[in-house]
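Just below is one structure, and these are the notes that go with it.
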Amino acid sequence: MNSTLSLNRPVRNYTLGSFKNPKLIEARPSRHQLCSHLIDFSKLKWFGNVNSRTGSSVQQQLRDYSGESRRITSRRIRVSSNDAQFGSFPNKGGTESSSFAEFITSERVKVVAMLALSLALCNADRVVMSVAIVPLSLAHGWSRSFSGIVQSSFLWGYLISPIAGGTLVDYYGGKAVMACGVTLWSLATFLTPWAAENSLLALLFARAMLGVAEGVALPCMNNMIARWFPSTERARAVAMAMAGFQLGNAIGLTLSPILMSQGGIFGPFVIFGLCGFLWVLVWLSATSSTPDRSPQISKYELDYIMNKRQKSHAVESKPKTKMIPPFRRLLSKMPTWSLIVANAMHSWGFFVILSWMPIYFNSVHHVDLRQAAWFSAVPWCMMALTGYLAGLWSDTLIRNGTSITLTRKIMQSIGFVGPAVALVGLTAAKTPSTASAWLSLAVGLKAFSHCGFLVNLLEIAPHYSGVLHGLSNTAGTFAAIFGTVGAGFFVELVGSFQGFLLLTSLLYFLAALFYIKFSTGERVNFDESADS
């Protein structure tokens, strides 16, 4: 029925059909640029008295539209002033992409920046001994093999904490456990000079305690990124955090000789320890464990994170993880073993390069300590850069439709096959500059594995990522101890670093094949009711 409604003002006639026509309604944009089909209920006075059933129906429709308008207006008024700069709001599906300006100024990037700083301190504290071991060995008359034992004492402690620390991270969250970890490892670093002056046993104990504390760093990083970042940004976030990890190597290797020349052998231990205490104060006061608990986060960013994050992977969507995780189920799946093998090989190569490259440049290419530290530091700067580029590429592949499984395999293949080839080139290098170039290529390509197995931990077991990281880290620590100590004995027996580098290259190839065969980007069912 098309009954004509007369207006108090003779502007034009409206019919019931016109109110059902969305095009006519959309033709009247709101003064405040809200959705154009919303009409203020106060405009009903234009229509005079409406007594028919049809008129009542029209009035009810306009009342409904008005209510929706007020709700949306209220919602947008509550958005913080920081949102205005981002230029857009999330739609109902939350499918839009975050702009670069929003991303780089967001609260979640502040969190990952703090994580990057903590990982920089983590590596700076552990790498100091790689530089200090040269003057300490000369002062105490240590052999190459015993120097390897001193350096590996860090790994003895690192072997203990990853599983227990990962379990604590899953149970208590990354913020609290990370604060405790940084406090303990900064204390161990700060007390290293005192320990070294008293006894060799005290020195080994201090380095072991450093390893115990640093074993929780990467599980905490994974836990915080899983809480703060949607799946389409996690590779980028991990790359940013790990860039700090690699820059910590460069900072430790380049600043340690300078600090030693100014403050003695133990100068860098004191400086880096004090920096760790300062970081803890900022971390506790300026960050939150989850986005919804952050007083600084804008409503836009909170809505964006919650809408974009996959519900099946949301950490908060499940009750608190049990204190005793299902170890048998975790170890019964081949994707778990693909992560364990990848982490073991990653740690082998990482610690061999980190611990022995200053000595390698000193003994093979005959450069002094400061130059050796510099040549060893350049590759870690390259790793920080290539790691972030790998994260961007990885997230782009997934957004463009490439499966998560294929993306992780591509990243991991580059991260292992690339260093394998580059290490072969390193063994043939004749000059320090050429050797540094090959080493930079090896370490730079190694960063792609951060977008492989390291992000993969969050995908196959989001609720057990901490303990799974602990399991794989434990295997990696065994490999790192064997590689670090084994390199010293290998060089003493064979008389060549090059042979050990070729062995490492072969292991990289084999680990890449294993990961390609058994890894997956899909969530794996580790529930007790699942079939084996």
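Quick reminder: no glycine exception, Cβ is built from N, Cα and C everywhere.
According to TrEMBL, the protein carries these features:
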type: DOMAIN; residues: 111-523; note: domain 'Major facilitator superfamily (MFS) profile'
type: TRANSMEM; residues: 148-169; note: transmembrane segment
type: TRANSMEM; residues: 202-225; note: transmembrane segment
type: TRANSMEM; residues: 237-259; note: transmembrane segment
type: TRANSMEM; residues: 265-284; note: transmembrane segment
type: TRANSMEM; residues: 337-357; note: transmembrane segment
type: TRANSMEM; residues: 377-398; note: transmembrane segment
type: TRANSMEM; residues: 410-429; note: transmembrane segment
type: TRANSMEM; residues: 435-458; note: transmembrane segment
type: TRANSMEM; residues: 470-491; note: transmembrane segment
type: TRANSMEM; residues: 497-516; note: transmembrane segment
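The transmembrane segment (410-429) and the transmembrane segment (337-357) are in contact, since at least 3 Cβ pairs between them lie under 8 Å (pairs 6 or more apart in sequence).
Among the stretches 202-225, 337-357, 377-398, 435-458, the one making the largest number of Cβ pairs under 8 Å with the transmembrane segment (497-516) is 337-357. In summary, the transmembrane segment (265-284) lies against the transmembrane segment (237-259): three or more C-beta pairs, each 6 or more positions apart in sequence, are under 8 Å.
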